[in-house]
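Undergrad: Quick one: structure below, then a few questions.
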Amino acid sequence: MASNNLLVDLKRCFSAPSLRSYLAEFISTFLFVFTAVGSAISARMLTTPDVTSSAGPLVATAVAQAFGLFAAVLIAADVSGGHVNPAVTFAYAIGGRIGVPSAMFYWASQLLGATFACLSLNLFSAGEEVPTTRIAVAMTGFGGAVLEGVLTFLLVYTVHVVGEREPRSRGGDGKREFAATALGALAVGLTQGAFVLAAGALTGASMNPARSFGPAVVSGHFKNQAVYWAGPMVGAAVAALVYQIMACPSVTGNVEAVVV
């Protein structure tokens, strides 16, 4: 019986809607990582050596990531759910909202999108090296992983609260649904930008394994990659479990969940 279920799941992974979902995740992750890494390159190119301690580049990167993630989630929301992040997909898999086989294809699409985005930037960045996410000199790997975990927990919990909806909505007022989706995507993007401002100088505030993986592949620098996988994945898992407890009436009593 288990083997039959696995075969059914695998068959669904190659259906037309599933293939469109993978493409949507590839494109949306490409968009976000291209924006995030590209803004970091541009900020570095426009910063002179005597003002490297200025907050300007960090603010510019935070704003770019906020709007980049907003756009990425919005364009993929009705096709794939707009995960744009392996940690979000992992949380949905833990919550039973996506099958493990499909989640693996989502991860592959996201990692490929991030890698191709960085390859594109490497071609057109006028000799500038693709920057990788790094932890501060005074911070340990464990401390960095914990911080990334906390940030990702908050981000993924936000995703669950404002963006809990099925791809290809089941009828209703299209304009109102789009407005609700856009508002949810904006909330996620603003959360990303706020956390970049809060912790960008400490760990880069990645909160997204694909965001760190793409630059590492292109640059060849994989130092502290474990920080950007272990922390976000654990944080995402905890967020999924906490959200289930908060939103499940059988656990919390008569709680009326507002679902976008």
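Don't overthink the numbers, they just go from 1 along the chain as shown.
Every residue gets a Cβ built from N, Cα and C, even glycine.
It should be emphasised that the depicted structure is a prediction, and the values quoted were computed from it without experimental measurement.
Annotations for this protein, taken from Swiss-Prot, read as follows:
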TRANSMEM  23-43  transmembrane segment
TRANSMEM  57-77  transmembrane segment
TRANSMEM  98-118  transmembrane segment
TRANSMEM  135-155  transmembrane segment
TRANSMEM  182-202  transmembrane segment
TRANSMEM  226-246  transmembrane segment
Undergrad: Counting only pairs at least 6 apart in sequence, do the transmembrane segment (226-246) and the transmembrane segment (23-43) share 3+ Cβ pairs under 8 Å?
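TA: Counting Cβ pairs under 8 Å (6 or more apart in sequence), the transmembrane segment (226-246) does not reach the transmembrane segment (23-43), since there are fewer than 3.
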Undergrad: Against which stretches of its own chain does the transmembrane segment (23-43) lie, if we need a Cβ under 8 Å and a gap of at least six residues from its ends?
TA: 56-58, 60-61, 63-65, 67-69, 71-73, 75-76, 79-80, 82-85, 106, 109-110, 112-114, 116-118, 120-121, 125, 128, 130-131, 208, 210-211, 214-215
